[in-house]
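Notes to accompany the following structure.
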Amino acid sequence: MKLPKEGDFITIQSYKHDGSLHRTWRDTMVLKTTENALIGVNDHTLVTESDGRRWVTREPAIVYFHKKYWFNIIAMIRDNGVSYYCNLASPYMMDTEALKYIDYDLDVKVFADGEKRLLDVDEYEIHKKEMQYSADMDFILKENVKILVDWINHEKGPFSKAYITIWYKRYLELKNR
């Protein structure tokens, strides 16, 4: 499949382990694609939940997906600084319909002041039993929490101020064409 190009708009679909559609984002603007990663931006993007509820994102957010890591990263650009919402999730795949991944419940939130929180541990434990996550899957996800926290602590990739500056600036250039 041909990779989307800078400035293209794509749909993002999040699924659960049992194959059910969890959430859809319409019209994410692509900023960069490589063989293994995609960087995009959501800005007033329509989001549809599995129960049909719809809402629109409030602020620009740079999104980062990778084919080798079991997480994706959303950097929300707010007046008080950048905060992050990180989903523990399968590496993404693309088809002609959308960028797709499986959401594995665990999330790491990083507030603009640097505080970190691991979220939805109870939901993860419930779904682990209900959807029968394997021991290998559990290990992979927990190891990727460690990798993610290391990235946060060392300001790697999307957690670097320079990264946010570069990609937000590029988004503004593309948006104003």
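For all residues, glycine too, the Cβ spot is worked out from N, Cα and C.
For reference, Swiss-Prot has these:
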ACT_SITE  Arg23  active site, proton donor
BINDING   Asn87, Asp103, Asp107  Mg(2+) 1 binding site
BINDING   Asp105, Asp107, Asp120, Glu123  Mg(2+) 2 binding site
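Rounded to a whole number, the distance between the Cα atoms of Glu123 (Mg(2+) 2 binding site) and Asn87 (Mg(2+) 1 binding site) is 13 Å.
Of the recorded residues, Glu123 (Mg(2+) 2 binding site) and the residue listed as 'active site, proton donor' place their C-alpha atoms 16 Å from one another.
Taking Asp120 (Mg(2+) 2 binding site) as the reference point, the recorded positions whose C-alpha atoms are within 10 Å of its C-alpha, out of Arg23, Asp103, Asp107, are Asp107. The shortest Cα-Cα distance from the residue listed as 'active site, proton donor' to any of the binding-site residues (Asp103, Asp105, Asp107) is found for Asp103.
Within 8 A of the CB centroid of the Mg(2+) 2 site residues Asp105, Asp107, Asp120, Glu123, the other residues of that chain are Leu88, Tyr104, Leu106, Leu119, Val121, Asp122, Tyr124. With a cut-off of 8 Å between CB atoms and residues at least 6 apart in sequence, the same chain places Leu88, Asp120, Glu123, Tyr124, His127 near Asp105 (Mg(2+) 2 binding site), listed in sequence order. Long-range Cβ proximity for Asp107 (Mg(2+) 1 binding site), meaning a same-chain Cβ under 8 A and a gap of 6 or more residues, is found for Tyr85, Cys86, Asn87, Leu88, Leu118, Leu119, Asp120. For Glu123 (Mg(2+) 2 binding site), the count of additional Cβ atoms within 10 Å of its Cβ stands at 13 [all protein chains shown]. Cβ proximity to the Mg(2+) 1 site centre (mean Cβ of Asn87, Asp103, Asp107, cutoff 8 Å) flags the following additional same-chain residues: Ser14, Phe71, Asn72, Tyr85, Cys86, Leu88, Ala89, Tyr104, Asp105, Leu106, Asp120.
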